[in-house]
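Here the structure comes first, spelled out in structure tokens, and everything after it is commentary.
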Amino acid sequence: LFFQEFKVALKPDESESENKLDGETASDSESKSEFGGSPPVPTSDDTPEVLNRALSNLSSRWKNWWVRGILTLAMITFFFIIIYLGPMVLMTIVMCVQIKCFHEIITIGYNVYHSYDLPWFRTLSWYFLLCVNYFFYGETVTDYFFTLVQREEPLRILSKYHRFISFALYLTGFCMFVLSLVKKHYRLQFYMFGWTHVTLLIVVTQSHLIIHNLFEGMIWFIVPISCVICNDIMAYMFGFFFGRTPLIKLSPKKTWEGFIGGFFATVLFGLLLSYVMSGYRCFTCPVEFNNDTNSFTVDCEPSELFQLQEYNIPLVLQSVVGWKTVRMYPFQIHSIALSTFASLIGPFGGFFASGFKRAFKIKDFANTIPGHGGIMDRFDCQYLMATFVNVYIASFIRGPNPSKLIQQFLTLRPDQQLHIFNTLKAHLVDKGVLGGSEDA
């Protein structure tokens, strides 16, 4: 119904004769570019020439296999490199990926409807992206760099009025949109206004959650992303060799064999990866800003989540494995939940993207990566995964952060600090932690 309404919105004049197709004008009937003609995103063979020559003797099926395989290894190698370079580089890469995904989705809208010459559409889209990023990254800076912000007067003022400034910036864009309204394009302009905001919700908001997950510890960033990558690869492998039963009409190439095989492979991979990473502080410690060195630090005493524990094996399984107990990290148990979501629910992000592409009759969001499509084609499941991880951490993992409380306490006025001290002292005396005035 949404896309039926979307097509109806394409009518430039309500008095057009009804024997035309929905939203079809004289110029549309020539190009047929909206929904039935040539796709707005080019889908030509963009495979590097060196690979074309090397794989020229193979069938198209096996050629696609090798192209995807080689470029997947290249992307995995790049992923390991940026992990090695540290959290700041990771955050920068997340920002770049976010901008590219936004560009790909907005470009689809522009290419489909460019013949209508919508005023300020692209300008306002990028302006709203700037506003939303300013809001989210400003919140992150205030939260994780609190002491640095309070130390610098300009940053302190910006932090104090951050939300008001963000709202004022958004309000400016809102007024610009209203002023850009053209009588014959009212409905279409409002649809594109919604298009931009839904894109911001899907791309910018969830990329912001990825950065929050990173600050909880690089393991919360690496394991979920790796599970999605593993599921994508293993589902393709199982489907390529054993796939017989179609899974969903939105993606005809997806099979039940690939879906189920990818699930078991991803759970096993998640357990192994979690075991390896839980032993290294650089992965398990929260990413914090050191005010003395003005740099990020990932050094801490590992929490119980990353300390080996002994667990009893259920009696039913003891006869099978021959063990009564097993030593493992508690995080490995959480990794089962992460890998299960990545393999059972995460693919629905890909199905959603497939439905979107089919609605506009395009094969890929772009042709940035040969054999894989655009950046959004690779990150359609990652954004859904990022939201789940953030909710999971908030619900089952995260507790009060003493260091942040102390940072905020030290920025208060002396009389406020004294009031909190007396209140805390009275509370500890009531709890029996302090014995009274002699302990004070």
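Every residue, even glycine, has its Cβ placed from backbone N, Cα and C.
Marked as compositional bias 'Basic and acidic residues' by TrEMBL: 11-33.
If you look up TrEMBL, you'll see 11-48 marked as region 'Disordered'.
Tertiary neighbourhood of the transmembrane segment (120-137): same-chain residues 95, 98-99, 102, 106, 109-110, 113, 162-163, 165-166, 169-170, 173, 176-177, 180, 189, 192, 196-197, 199-200, 204-205, 208, selected by CB-CB distance under 8 Å and a gap of 6+ residues from either end. If you look up TrEMBL, you'll see 120-137 (among others) marked as transmembrane segment.
According to TrEMBL, the transmembrane segment annotation covers 164-182 (among others).
Annotation source TrEMBL lists transmembrane segment at 189-211 (among others).
Remote same-chain residues near the transmembrane segment (217-243) are listed as 65, 68, 72, 76, 79, 83, 87, 90, 210, 253-255, 257-263, 265-266, 269-270, 273-274, 277-278, 282-287, 298, 306, 331, 335, 338-339, 342-343, 346-347, 381-382, 385-386, 388-389, 393 (criterion: CB distance under 8 Å, separation of at least six residues from the stretch ends). Per TrEMBL, the feature transmembrane segment maps to 217-243 (among others).
Here TrEMBL flags 255-277 (among others) as transmembrane segment.
Outside the transmembrane segment (331-353) by six or more residues, the chain places 219, 223-224, 227-228, 230-231, 235, 248, 250-251, 254, 259, 262-263, 266-267, 269-271, 273-275, 278, 284, 305-306, 365, 376-377, 380-385, 388-389, 392, 396-397 with a CB less than 8 A from a CB of the stretch. Annotation comment: TrEMBL describes 331-353 (among others) as transmembrane segment.
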